[in-house]
Amino acid sequence: MSASASTAADFVRFALDEGVLRFGSFKVKSGRISPYFFNAGLFNSGRSVGTLAGFYAQALIDSGVAFDMLFGPAYKGIPLATATSVALAGHGAMAGRDVPFAFNRKEAKDHGEGGTLVGAPLTGKVVIIDDVITAGTSVRESVEIIRAAGAEPAAVLIALDRMERAGPDDALSPHSAVQDVARTYGIPVVSIASLADIMTLLQDDAQFAEHRAAVQAYRSKYGV
């Protein structure tokens with residue numbers, strides 16, 4: 001489930017402008033050589049994170065998913081949940097609604113309040129927010145934390161769906177990591193943009209035409 005076409009197109013342009021999305025030849029975590037690379041860690045300034053949070057908020061609103069709060073898995077999800085909560089608070093469609101957020105620590109604290117959870121108590125319908133889904137480990141841990149607190153995972157909200165089949169080349173899964181998460185936990189995965197939106201840019205903008213064939217070939221081999 002992606003955001004509206006205009007939101008997705010604007011986000012792809014924004015990611016390119018920030019150097020977060022690049023074309024070339026990159027060895028990615030799976031070991032594959034990818035013709036594009038998306039590194040959300042390069043959204044690392046107040047302005048860029050503020051704009052990013054606006055895209056997350058819009059994608060969540062566009063999705064129509066009912067939710068009560070946000071959860072950011074440590075570590076990358078922490079600033080994403082925080083900033084998106086701020087963006088939602090200022091969004092006209094929220095009619096002044098104030099959305100709580102929480103996140104977890106990797107290690108339990110043995111002083112003060114203790115425990116691994118920080119922020120608002122986990123309750124109601126909770127949206128897990130992260131940058132991408134690679135293996136689904138972070139989502140699994142988040143779902144366990146949310147359910148253990150008596151709350152309900154409502155959706156996973158990510159920046160980019162790579163639309164890529166999981167597994168080694170000689171045993172490719174018929175599904176992507178995003179599809180596996182949706183099937184395993186019975187919740188939607190909402191993305192701001194996807195590989196399909198990147199392909200649309202490559203097809204529509206002549207300045208990126210040189211990368212079109214490589215990305216299309218990669219999608220044909222690994223895509224879902």
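Quick reminder: no glycine exception, Cβ is built from N, Cα and C everywhere.
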From Thr7, Thr134, Thr200, the one annotated by Swiss-Prot with Phe37, Phe38, Arg162 for orotate:
Thr134
Alpha-carbon spacing, Lys106 (5-phospho-alpha-D-ribose 1-diphosphate binding site) to Thr134 (orotate binding site), which is rounded to whole Å:
19
Residue, out of the binding-site residues Lys29, Lys76, Lys106, Arg162, whose Cβ gathers the largest set of other Cβ atoms within 10 Å:
Arg162
Could you state the CA-to-CA distance between Arg162 (orotate binding site) and Ile133 (5-phospho-alpha-D-ribose 1-diphosphate binding site) to the nearest Å?
8
Between the Cα atoms of Phe37 (orotate binding site) and Lys29 (5-phospho-alpha-D-ribose 1-diphosphate binding site), find the distance and write it as a whole number of Å.
11
Among Phe37, Phe38, the binding-site residues in question, whose Cβ has the most other Cβ atoms within 10 Å in this structure?
Phe38
